[in-house]
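K.L.:
I have a structure I would like to understand better, so I am pasting it below and will then ask my questions one at a time.
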């Protein structure tokens, strides 16, 4: 494209548009502040390439006010319209090119340069050029041609792309003939391989050899627009040339020394610089880069970004700095060559104008700076409103802004490829109005005589001036004409013209002209005065040739009939150039001297024929014209001569011809100039000897009256440098910016450089180091912030190549004048307070400092309020001005002036004496809502300055006052509303007043709480990740805090199977308050490898927020749950077996089956894991090779997924085929006589089948006799060869045969019959294996003559026969019933007179293993690690171990352990529980002996109490419980039980019995300002911990209430009984009762132990009878450290049944005895009358419940007993309400019916250590009458007596039956709800007899508070149909519930399945026990009826004796605790409100 022409076209359009825009602009009102010109929001890109199949849309968006109009234009400036089907402009301004057919392609549409123009009334802007190029899909082919290359060099194959598609084709990779793909390397890939695809697409092949000539290559390309990929049509290959001799480097292709390659690459792209040279020997390549602007070069540094491959240079991530000229030098031993490459790294162009908008006052300068980036940048140009302004510098400066300068300015930067633009707007400052004539005179006709008054009124900004004209001639004041003017109030100018006594000659065209610097306005009208025609005199008119003459005839008189012009008495016009108008105007165009210079006459006539004439002389002047001249093309040297002639061929004479040099006039004879006027029209300039002065621009100026003409020519003189400004020594103030100018002139322009002297003296100089503060700009040395280190000698040099150059040495010294770092500051002081003003001056000392006040010298002598002190500092001087008391007059400007020898400086302090207003008061809340509050306050004292405003500050209550929001209120009001508050938020609000001086203090803050709303935000950062095959973990964070709209109580997490229409199953998660903590939930029991969708919503007490976006995730792949089916094996050969199978069903694969594994081993080695072989295959059958012959193999098949190995199939067995056997392993030939030899042998090691026979071969040696054979049965191992010849050697050998055939022959042996028969043993040494307790026989077959004597030695000892061992007649030794001790060596000796012989057998006894060694290696909270070691004495190989383990009161479980496992983990154990472990070994004989039992326990403890402040967070109507604060003791928390009550209530309300850990829980619906008690029970598997707290809710406004002072003794504060002063302290019953009880218990314990020992059996208890064993176990008292021997198998079932998780315990039919009732009522049932079958004990036994009556314990208080024999306990102790009464005897109930009830042990509880008795309202303790709490801290009991704790009624063994609901008949909590349950048993004053008479009807069904028919039906779906989640699982001593005791004849029924996860919340109150039909155990602990006494004296109320002296307030107690002064008793006595909580120690051991 031709750029100049193109630009011209643009300019034409810009001009057209600008005219339109200007017209609009002039008409528009001045812009308001919010009005602005157009700005592009979305500008189209430089290049739009698209395929005809896709089309394109080009978007152009702009903003402005008013909204700009978008117009699309072409490069020629014409507007673009729609072309149907090819180009459309959409309504939103897009330029749309629809897809089109190839034949519809039109170049003017589809290959065009477009631009987007945006315009509004304030201006126009044009976008960058948009090069649109549509690419029609057409066929193309790429080619690869052969490349010729010398062997050993590198080759480059090019992919040739047709030029018409080259811009759109990328080379993706290369493919060789074998289909191997060579791809572009990734950024991190190595590029050191043989092949490399270069960034530019070529294939680079290194070090080619002959083998490379046989390969061919294709390139694979991709079309960028269509995405089409294709292979090249031709394949290229390398043509390898063998070098003949040495070859110097040769450049291939276009490369030669003169050629320079040009390369462009975008920034951050990769660039390839080729150096295509070949040579032999292989050359070396070296790359250099030229230093810019010089011919010097430096080697290219190779690094990770710049790499060289052979001769090719690869630059990754190119940057602009990489641009430049590169040189590749190629050398070898023969020669060298080089290639130059110019690299241009292009960076996208961008531009920005600073400032983007500016408002400039009229006449002021405006500057726009174009800041641009990118590379390369070719041109910079400017436009205004779309019109070029011919400026090409980056800075555009308008010296004086005029009205027409306002508008849009654009800066364009361009290069050959792209362009960029930026726009800015110039607005006029202020309001500029051009002059406007507001009122003017009208045309008037009048008679002569009177005076005339003409008036003009004009307006404008600035104010215009008005002048008057008559017929074009200015009117001046004279005696008849008077002009005057004035300015009105509104700024208009009134001007008037008075004509006194008007004449006819005064008529004519009057004009008033209003003119200002922003414009001109004029008005004209005729004044007609009756009279004769009159023409005023016309002055001579001179006009320059070529211009247009316009003249109007100045006619007066009225009326005038005609006005004509004449010349030479001829009326005009007389030619085409002349025009005459009726009003007397004459126009002559293009005036010429010859034709138009003349005298013209104007003639005016009236109707009467009177006329007047006036003449005008017109003179036509010709301006001069100068011919061009020059001084020659090349520069002249100094001393040469120069001359030039200035010729003026045209122009009027006289002519003045002048010369100037660089605009200065040249005077003849001066400075070597000679001027000669050759003639009137020629002047000659001569210079005899040129010097530097003569260099410059010469101008010849010719002038005459008509004008001036000039011509310029430059004379260049080579001039050596000379100083313009020679530097001199300088001294600078330290810290100033130093500038030393060094300017030299000369031609060419000299290069000025600066150097600094080395050291302190001039002489040696070095270049200045480039640094931040030293720089040289145009010869000037700049040192910013100069310091002493910059002192020294500097050298300035100026060199231009002409002469030797200039240099100057100067000294720069640095001086430090005084300097104030702070020049001006404000300092304030309160009136009447002292103030100190300080000035610190730095610099060279001495420094003197003077003070001025308001520019007047301040002298402290004149005013003793002022004191001046000076302090000398290391850096200068500090002067302090002290003012004792500030007064209002001290508000002044204080100036301190510092002076030293080098200068002075001053600093000012603006002193302000202040008074601020007082703080507002009486801040009140008038009204509030959820999001706003209305406030009022009283106006404070304003500090003698009007209040400007009030600032209402408000913040959230938890924030500090640094994080506040503000509302500004005008100072005159005292009410305001604060809006935009957040719901459910506590705010603190305060107010400050502010005047011009400052702000007051803050008022008292008020606290408000806004109302709640449902959350408006969704949970954030939701992640769903698979944990395992059935579990996914959902994690999320809360919604943004601002969207909670209250306290989030929790979340609903919903999930469902993806891609189903089912509804979500929701789970509720409580909120975690920990800041930033992620919530998480594990979704369990999901399907394996299944996709689920998860949503989450937050909720608060108002409602639920929006659902989150659906998150989808798969569960992890599982292992196949079914094995491959139809496994079968087929024997193929003696060493191969084929195994086949069918894949497991798809639904059981639980993932993608990757492979199958076949596990196989010989069946007799199957037990040994190490001997098993594994084979993997992907198919459904495989062949096993290399098997043993004739061996039975065992095989299993399993499938494998990513989740692991699946279930193994049932083992299958196949036997390999038999084969011929191996040779017999040994042969003997023994002489038996002179004709007989005994041949014996050993069977083959590998028979490979069943041996059918042996064949004995014999052959006489040396003879040609044939070989004899003899078949021998398979069971016979010897053969006697007879009929042999004496003394003749015979050779023997033996073979074995199977059904397959005869095997290999044994070794040959030679023997010779003889008369001498020495003793020999035919048997062989052998190893015999015998099984334990079976018989064994070891052979010893001997020959000899005489008959040898046979003897045996056993382990070296002579054998003597006994009843187990005897010698058989054939010499064999028989051992009966082998035992382990028989193993060892047995040797047989045969001896006769000739010789002796012996053999040794080894006997191995296979026995079951002996007991292995079991040692504990490690313990964790849920696992034990044990080490297993076999017994040293084991002989038979061990196959493995069986590990037995059980919890202390659980069932035995087993685990198989392989023999090679050194350690084994027992996992999934209960945390913090005791365990017993033992092991047995097994081998192929059987299971062995058990090891010793290992007693151990898992780690972990009960939950630990938190600190109260961390746990409890109180608000006005709720309390938040942060369960994270609890420490779990090492065992994970299972759940919490939350109960609460008001402090003065007795009943506890259960809030929830299943609060999950890790969550927060909010107890709602509390009353404000009320004291509450809170009881928390924390459960884990090690036990539970109970804590009681008391707290007070806040007031409605968020305040706290005073501590509860329980001075009356009526609260829950425990009082201590006071003793009389004379009694010793130790007589206190608190001390004596536990002491006596302890003595009694110890005595009873000793008795029990003695009885137990006397009844112990001698034999192993595990083998004894159950009831005997139970006698022992349950009739001995153990200490805390004792353990039970848990190896006894019969104990396993008796120590407790552990209920499965999430299940309720089922009912036991026929049993309706309720444990809760039994324990609560303290039921001790009479021995005689019990025959009910509603028992958990065997109803067949008599005397099932026996009574053991406790002696009454006297109580301290008003009552010492209620009835005779009542076993009641009265404790004043927190936490004892659920404990068993001390001194009471109980049966241990709950063991199985097989246990003999008659032997049930009675045991007595211990006294409580602090058993202060005294009736106290509280909780009914276990087995207490209502109204008497038993508070106790439990201690370790005995192991045979499980602890009596709050679960005693539920777990007979001190453990706990947990989360699971007991069956209704055992623990129906509903039975506790009715008052009369306590009255069911009629009390009889039995005078020491039975407490209760025989069982009444109530006992038969005590649980039946509900209708009878619901007793069992309620188990499912009734009151007990919901999960009973009250108490979590604990690992305690026993885990069987009472409810699990089994009926005779019944096993334990299977518990019902757990409820589904999506348990219908509408049908059951899952967490809310208040509404549940179930009542928790905790509720069983309560007294539900009136707390009276049910004994004989039941009408007598139990009164408390107030003991106020021992009671303490909460605060006193807290202080005592903090000082550690509260003794243990005080702590125990203290109620929960004192100590914060009460611990319940409930560890059940």
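Glycine is no exception: its Cβ is also placed from the backbone N, Cα and C atoms.
No curator has checked TrEMBL annotations; they are predicted automatically.
According to TrEMBL, the record shows the following:
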| type | residues | note |
| --- | --- | --- |
| COMPBIAS | 1850-1860 | compositional bias 'Polar residues' |
| COMPBIAS | 1921-1942 | compositional bias 'Low complexity' |
| COMPBIAS | 1968-1986 | compositional bias 'Basic and acidic residues' |
| COMPBIAS | 1996-2022 | compositional bias 'Basic and acidic residues' |
| COMPBIAS | 2023-2033 | compositional bias 'Polar residues' |
| DOMAIN | 38-131 | domain 'Ig-like' |
| DOMAIN | 249-344 | domain 'Ig-like' |
| DOMAIN | 434-528 | domain 'Ig-like' |
| DOMAIN | 533-619 | domain 'Ig-like' |
| DOMAIN | 624-718 | domain 'Ig-like' |
| DOMAIN | 721-813 | domain 'Ig-like' |
| DOMAIN | 818-910 | domain 'Ig-like' |
| DOMAIN | 919-1013 | domain 'Fibronectin type-III' |
| DOMAIN | 1223-1316 | domain 'Fibronectin type-III' |
| DOMAIN | 1318-1400 | domain 'Ig-like' |
| DOMAIN | 1408-1501 | domain 'Fibronectin type-III' |
| DOMAIN | 1505-1600 | domain 'Fibronectin type-III' |
| REGION | 1819-1870 | region 'Disordered' |
| REGION | 1886-2045 | region 'Disordered' |
| SIGNAL | 1-27 | signal peptide |
| TRANSMEM | 1631-1653 | transmembrane segment |
K.L.:
What does DSSP give as the helix, strand and coil breakdown of the domain 'Ig-like' (1318-1400)?
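P.N.:
Its residues fall into 3 helix, 43 strand, 37 coil.
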K.L.:
How many helix, strand and coil residues does the domain 'Ig-like' (38-131) contain under DSSP?
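P.N.:
Once the DSSP states are binned, the domain 'Ig-like' (38-131) shows 7 helix, 48 strand, 39 coil.
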K.L.:
I'd like the per-state residue tally for the domain 'Fibronectin type-III' (1408-1501) from DSSP, helix first, then strand, then coil.
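P.N.:
In the domain 'Fibronectin type-III' (1408-1501), the DSSP-based counts are 0 helix, 49 strand, 45 coil.
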K.L.:
Determine how many residues of the domain 'Fibronectin type-III' (919-1013) DSSP places in helix, in strand and in coil.
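P.N.:
Secondary-structure composition of the domain 'Fibronectin type-III' (919-1013): 0 helix, 49 strand, 46 coil.
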K.L.:
Please work out the mean pLDDT for the residues of the domain 'Ig-like' (249-344).
P.N.:
80
K.L.:
Among the recorded stretches 38-131, 624-718, 721-813, 1223-1316, 1505-1600, which has the greatest number of Cβ pairs closer than 8 Å to the domain 'Fibronectin type-III' (919-1013)?
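P.N.:
By the under-8 Å Cβ criterion, the domain 'Fibronectin type-III' (919-1013) pairs most with 1505-1600.
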K.L.:
Taking DSSP states H, G and I as helix and E and B as strand, how many residues of the domain 'Ig-like' (533-619) are helix, strand and coil?
P.N.:
4 helix, 47 strand, 36 coil
K.L.:
Using DSSP, tally how many residues of the domain 'Ig-like' (818-910) sit in helix, strand and coil.
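P.N.:
With helix first, then strand, then coil, the domain 'Ig-like' (818-910) has 6 helix, 56 strand, 31 coil.
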